[in-house]
Amino acid sequence: MTEMKILIVTLTYIEKSIIDEIVNNLSSYGLEVDILFDSRKYLPISAFNWERLQYDAEKVLSFLKSKYDFNYDSIIFLADSDGYIDGYNFVFGLTIDNFAIIFLNRLREEFYNRKPDLELFMKRVVKEVTHEAGHILGLGHCNTIGCVMNFSNTVEDVDKKQARFCKNCIYKIENLSKYLQRK
């Protein structure tokens, strides 16, 4: 589909099975994926909103962009935190330019006072990482039922979609890739 090198940076412990699923899913689209386990990095306290008890996603991403300078087309961060942007109660993830962050807290069943479910958590993480990778590839939100690029307002919305791009989104990615190769 497109030749792109993506670095996934885990800012928290993530089960290897989840990382493997992320790599397999993104690799199936021809993306080259590397993993960096970097629990030494922290989210900046200056980005934490004490009234909301959440991180300002834009401030966090700006901070992380300044700390990582690798030879990758894109970097996606995974943080075991809760994030928001102005105008929204929360976000599962945010992409700015070629950088994205996924906030994992609300993808866990425990957040909703339910029994932990590692398999369901893994599916949700893979979907949200793929969704943010889609934004990095130039896609907006999609209205095709089940497409990973559907906007998710709730965790139930995440559960309804697949971890795959629909045919229309794949077509858009392929055409954008061809256009960029001609430039």
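Using N, Cα and C of the backbone, Cβ positions are placed for all residues, glycine too.
Lifted from Swiss-Prot, the feature list:
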- Glu132: active site, proton acceptor (ACT_SITE)
- His131, His135, His141: Zn(2+) 1 binding site (BINDING)
- Cys142, Cys147, Cys166, Cys169: Zn(2+) 2 binding site (BINDING)
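Overlay of Swiss-Prot annotations on the structure.
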residue : record                       : Cβ contacts under 8 Å, 6 or more apart
His131  : Zn(2+) 1 binding site        : Phe92, Gly93, Val148, Met149, Ser152
Glu132  : active site, proton acceptor : Ile76, Gly93, Leu94, Thr95, Ala100, Ile101, Ile102
His135  : Zn(2+) 1 binding site        : Thr95, Ala100
His141  : Zn(2+) 1 binding site        : Met149, Asn150, Phe151
Cys142  : Zn(2+) 2 binding site        : Met149, Asn150, Cys166, Asn168, Cys169
Cys147  : Zn(2+) 2 binding site        : Lys161, Gln162, Arg164, Phe165, Cys166, Asn168, Cys169
### Message
Let's check the environment of Cys169 (Zn(2+) 2 binding site): how many other CB atoms sit within 10 Å of its CB?
### Response
20
## Note on the structure
Reading the DSSP string in three states, the entry for Cys142 (Zn(2+) 2 binding site) is coil
### Query
With every protein chain in view, how many other Cβ atoms are within 10 Å of the Cβ of Cys166 (Zn(2+) 2 binding site)?
19
